[in-house]
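The structure under discussion appears below in the form of structure tokens.
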Amino acid sequence: MVPTSLSPDDTSDPVPRSSSDIQGFCHNYPLRRHKYEDQANKGSQQCRDDWEQYIGPIERWGCGNPWEGHFAAVVLPFCRPDRIAIISYCFEYAFMYDNVVESAAKSTVNINRDDIALDETEYRTVRSVTGTKQIQSKMLLDLLSIDPVCAEVVIDSWKTMIDTTVKQDKTRTFSNLEEYVDFRIIDTGAPFVDTLMRFGMNILLTPEEEELVAPIVKPCYAALGLANDYFSFDIEWEEFQQPESNQSTMTNAVWLFMQWHQVDEQEAKRRVRQVTNDYEREYQQRVRDFISGEGKSNTKLQLYLTALGYQIPGNIAWSLRCPRYHPWLCEEGSALLRASMDEARDVCNEGKRRSISGDSISSESSVWSGASDRSARSSVSSAPSLDEGKEPDRVMLGTEHLLGPAEYIASLPSKGVREAFIDALNVWLVLPDRFVGVIKSIAKTLHNASLMLDDIEDGSPLRRGQPATHTIFGQALTINSANFVLIQAMDQVRQLEDSRCLDIFVEEMRNLFIGQSFDLYWTRQDECPSEEEYREMIRQKTGGLFRLVARLMMQKATLKKNQHISLEPLVDLMGEYFQIRDDYKNLTEEYTGQKGFCEDLDEGKFSFPLIHAHKLLPEWSEIRLLLQQGRQSGGLDVTQKQLVLGRLHDSGSMAYTEKTLRGLMGEIRLRIDQVEKESGCSNWVLKLLVHRLEV
């Protein structure tokens with residue numbers, strides 16, 4: 001993707017300096033400041049407002065700097081004006097996330113679940129799990145709505161950063177600078193900022209281009225991380241020395257130089273500045289070599305590397321007086337920032353830009369493991385055991401054959417739609433964390449049981465791109481394991497401590513099995529249902545699990561005023577959309593790599609597109625004959641499937657399915673709006689989920 005042709009002068013102004021460097025950094029690096037800094041400030045302020053609304057008070061400063069400029073304004077001067085607000089929102093969130101999270105946030109994008117579900121590990125000070133998910137969902141949804149292709153790059157980078165930093169040992173020791181720099185590049189999130197910059201410029205790099213520029217950009221990342229250490233050291237050192245601090249080490253190059261060379265902090269700072277200068281010069285040289293060599297004709301990469309270079313002086317300039325590193329400036333900075341936001345457009349039009357001096361600064365300027373504290377493999381019954389008083393030397397049978405199939409299906413990758421759906425409903429219903437965990441475990445347990453049984457009943461050899469459970473363990477063991485897991489799900493419902501929840505469970509399980517019985521009957525008897533019959537089957541079978549978790553959550557909701565909001569129409573629509581979407585994607589190339597090429601045709605199932613085609617095509621059509629043959633022979637070959645697909649397209653059945661999905665999506669969004677008005681609460685988590693499911 002080539003960036004939209006905006007010149008640097010369209011987006012930013014050069015900032016004059018009295019010397020070629022800024023406090024000994026970024027020699028001969030020009031500095032620019034974005035013309036639309038008011039939008040950057042608005043984006044950050046919106047994030048802070050959302051944080052206070054959904055989570056609670058904010059204790060630390062973020063991106064703002066009324067003297068040298070907002071972080072995004074000076075670090076990303078080439079950013080498109082229409083994208084700087086959302087990027088600043090992301091920066092602000094990242095700063096606040098860094099403030100409160102010790103290892104990994106209690107909720108963040110799940111690395112294993114295709115960006116749909118949200119993890120829950122550990123918070124340090126964040127009050128609201130749901131609130132964090134709300135902010136993340138709103139942020140991701142905005143990125144995806146602006147530029148879905150570039151947004152996916154940002155999301156992947158965020159996931160990689162979170163997954164990597166979670167695994168980083170913050171207490172580790174470093175023996176040399178190179179080892180520390182490799183650690184710090186990831187720890188500071190420099191690659192993530194890089195992808196946000198590309199998003200802002202509408203630049204998309206191919207994997208080959210990423211590999212080509214990797215050695216060029218590394219010294220830039222290193223310079224950014226070390227400069228961050230230099231300017232943040234004073235406040236980190238002060239916190240480190242507090243009596244209540246339990247830290248044994250600091251993740252800061254200044255501190256490491258003090259330890260390595262037994263020097264005081266001023267000498268250590270000087271040495272950090274010196275090695276930072278080396279990386280700055282190395283980046284300039286590598287860019288020059290690339291532009292004069294193999295990148296001579298690659299204008300996209302030249303622009304990208306030039307823009308990346310502006311991060312170095314921008315980061316230094318912002319660090320000079322940002323209240324984040326100089327907390328005594330917070331009060332004055334807040335007053336100036338409020339005033340500047342009111343007058344920002346006038347300031348931009350008049351070209352008012354403060355000069356940065358090289359002088360010193362003054363203050364003026366397992367399947368169910370998460371559901372219970374009890375052992376996952378022991379009974380939770382409080383009744384006396386029949387085993388009590390038995391001989392102690394009796395042979396004890398293990399659970400490996402009982403749980404093996406269940407643990408296998410649970411180990412396969414999942415998109416986590418149901419877990420994300422629970423997170424979304426909890427925005428409105430606000431259940432205690434322990435009940436949310438139990439309901440998620442119930443949903444996962446039931447879903448895994450249904451997958452094991454469905455694959456046997458449908459004769460499916462694959463599940464999520466891997467061998468189906470029964471092809472490994474055999475049908476008998478798989479059925480036995482699935483039956484046990486269903487009982488385990490009922491046992492988990494008891495942990496909700498509400499007899500009505502058990503009634504709800506039985507009601508919806510009954511609906512689910514009734515729906516499944518019709519699906520199996522139609523396939524076995526070669527009886528094509530009407531569209532109305534099929535949709536009712538979906539409502540009971542696929543919608544049953546969605547409806548079960550919704551009803552359980554409403555029963556346990558802490559906000560009594562929201563216990564009676566009309567969620568059932570929305571939940572039924574979600575179930576219907578999810579199944580028809582699955583039918584559609586099973587017949588598209590995108591889905592075939594996971595579940596097998598058009599596997600529904602092998603199974604002879606009457607999916608939504610086939611039902612529509614049956615209404616239009618004659619009784620003796622190739623589709624009916626081929627489906628009958630597939631049921632008898634155990635499947636169709638590729639050419640037969642391609643013929644069926646061709647007929648489905650020719651008959652307009654695929655187009656009709658797409659139209660139906662669009663209509664359902666419109667109804668879902670309308671229902672979301674209605675529930676938001678009824679509850680008085682926006683649901684960004686659900687909006688993001690719906691956006692990710694949209695075909």
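Heads up, the Cβ atoms here are built off N, Cα and C, so glycines get one too.
Worth saying up front: this structure is predicted, and the values here are computed from it rather than measured.
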Range annotated as motif 'NSE/DTE' - as stated in Swiss-Prot, picked from 183-191, 228-236, 309-317: 228-236
Residue in Arg434, Arg464 which Swiss-Prot records at the isopentenyl diphosphate site where Lys415, Arg418, His447 also bind: Arg464
From Asp98, Asp142, Asp278, the one annotated by Swiss-Prot with Arg184, Ile185, Ile186, Asp187, Asn228, Ser232, Phe233, Asp234, Ile235, Glu236, Arg324, Tyr325 for substrate: Asp98
Intrachain residues whose Cβ lies under 8 Å of the motif 'DDXXD 2' (454-458), provided they are six or more past its termini: 468-470, 475, 478-479, 516, 520, 523, 603, 605
Sequence-distant neighbours of Asp234 (substrate binding site) in its chain (C-beta under 8 A, six or more apart): Tyr325
Rounded to the nearest Å - Cα separation of Asp458 (Mg(2+) 4 binding site) and Lys605 (dimethylallyl diphosphate binding site): 8
Residue distribution over DSSP helix, strand and coil in the motif 'NSE/DTE' (228-236): 9 helix, 0 strand, 0 coil
Candidate nearest Arg463 (dimethylallyl diphosphate binding site) in space, where candidates are the binding-site residues Asp98, Ile185, Lys415, Arg418, Asp454 and distance is Cα-Cα: Asp454
Rounded distance in angstrom between the Cα atoms of Arg418 (isopentenyl diphosphate binding site) and Thr542 (dimethylallyl diphosphate binding site): 11
Rounded Cα separation (Å) that holds between Asp98 (Mg(2+) 2 binding site) and Asp187 (substrate binding site): 10
Cβ-Cβ distance under 8 Å to Asp454 (Mg(2+) 4 binding site), same chain, at least six residues away: Ser460, Gln516
Three-state secondary structure, Tyr325 (substrate binding site) (per DSSP): coil
